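Input: a single structure, listed below in structure tokens.
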Amino acid sequence: MNRDLPRRALAVLGVGLLGMGLAVGSYGAGVTRLLERGVAPGVAGFGMTLFLLGQLVVVAFADRATRTRRSAWVAAVGLGAGAAAAALSAVGTLSATLAARALLGLGQGAAFVGAMKHVGKRTPDRAVATAQGLLGALFTLGLAVSLAVAEPAFAAVGFEASMAGVAAVVAVGAAAAPLLDSAGSEAVVPYRDYLAPLRSRVGLALGLGNMATFGFLIVATTWYVDALGGVPGVPATPALLAFAATTVVGRALGGVLAARVGERAVVSRSMLGLAVALAGMAAGVQYGVPAVLVAGVVGTGLGFSVPFGPLFAFAFSNLADDAGVTLVVMLAVGNAGALAYPWLVGELVAATGTYAAGFAAMSATVVGVWWLWRTAIGGAPGTPMGR
């Protein structure tokens, strides 16, 4: 299996996505700083909505760019935008923070499409889930570690220096990505082709599956730092470090499990487990039970991460006519579906004074997506999307 993996590409693009994860995860601590300055929860959460919107806007353009340019170059441009966004966020004002989130979303969308297509096209089918799971694991490692250590880092070296360091990590990946070999070319497709998968239950299930995993990972990490800090007796830093460990292990574990039991089963079972973990978080917050809350946080680490590789492997499988089109639809639907949740959770916090309702709403949504997945893909034959 190791011989099948494009190790150089995984190393180069992985470093860049590691830095992007650091930039995304730092917003959890940033939200706490904004709330302490009197910014309304809905406005504080809106920064992550802008991040998701940026990805939604750019993914189709990024895919078309990979068809006329090398996919590694597209990833490099996205990583460059991410480095600039991290540097901009160091300004620290609300307006700069929101602008940086939007730019980071644009960069993440382009970098993700370029990186996933480059690795997917340079990896044999039997190893795609593993390769993409490892690539995603590095992004998640950055996100989860940043979530856990951002506040101590801000206190130790300062906010500006911390974000400058994050920008430097992303810039390393941006500088090295153009040196990767070509992954081949594809024919340019009309924009209307990107709408075709939306007319099928399979296409919607793939997109909403991405919303329930990657999209909700972004939403949840927006609020984890503040949510854990609001429940007496919760060891916030150890809990976040455990979350970081499970998200990284889960990304790698997903590919291994997919090779044994199949991608469909892995996605279905882990999605149901995610719904249970989010419900546990809601209960832990509502009733003030630290053990239940911490168990829920750690459980979501696996629920968000295990299905990542298997889910995106479907874009390169016989379920899809065109990997790039499928990837765009998954990202577009996933980000569009998750757009309202950072704001929604913030508004529910403002209205109820607790995170319980927000996490419960996310759990109920994941159950709905799981049901759609089971009926559209879980037991369906491998027919191409849109047919």
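A Cβ is built for glycine as well, from the same backbone N, Cα and C atoms used for every other residue.
Some features that TrEMBL has for this protein:
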type	residues	note
TRANSMEM	38-61	transmembrane segment
TRANSMEM	73-92	transmembrane segment
TRANSMEM	98-116	transmembrane segment
TRANSMEM	128-149	transmembrane segment
TRANSMEM	161-181	transmembrane segment
TRANSMEM	202-225	transmembrane segment
TRANSMEM	237-259	transmembrane segment
TRANSMEM	271-289	transmembrane segment
TRANSMEM	295-316	transmembrane segment
TRANSMEM	323-343	transmembrane segment
TRANSMEM	355-373	transmembrane segment
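Contact between the transmembrane segment (202-225) and the transmembrane segment (98-116) is not supported: fewer than 3 Cβ pairs lie under 8 Å, counting only residues 6 or more apart in sequence. With Cβ pairs under 8 Å as the measure, the transmembrane segment (295-316) is packed most heavily against 128-149, out of 38-61, 98-116, 128-149, 323-343, 355-373. With a threshold of 8 Å between CB atoms, the same-chain residues lying at least 6 positions outside the transmembrane segment (128-149) that come near it are 1, 4-6, 10, 13-15, 17-26, 28-29, 115-116, 119-120, 166, 169, 217, 221, 224-225, 237, 240-241, 243-245, 247-248, 250-256, 258-259, 263, 301, 304-305, 308-310, 312-313, 316. Taking every listed stretch (237-259, 323-343, 355-373) in turn, the largest tally of C-beta pairs under 8 A with the transmembrane segment (271-289) is reached by 355-373. Only residues 6 or more beyond the boundaries of the transmembrane segment (355-373), in the same chain, are considered here, and those with a CB under 8 A from a CB of the stretch are 201, 204-205, 208-209, 211-212, 216, 219-220, 223, 226-227, 230, 267-268, 271-272, 274-276, 278-279, 281-283, 285-286, 296, 341, 344-346, 348-349. Residues 13, 16-17, 20, 23-24, 27, 46-48, 50-59, 61-63, 65-66, 71-86, 88-89, 91, 132, 135, 177, 312, 315, 324, 327-328, 331, 335 of the same chain lie 6 or more positions beyond the ends of the transmembrane segment (98-116) yet place their CB under 8 Å from a CB of it.
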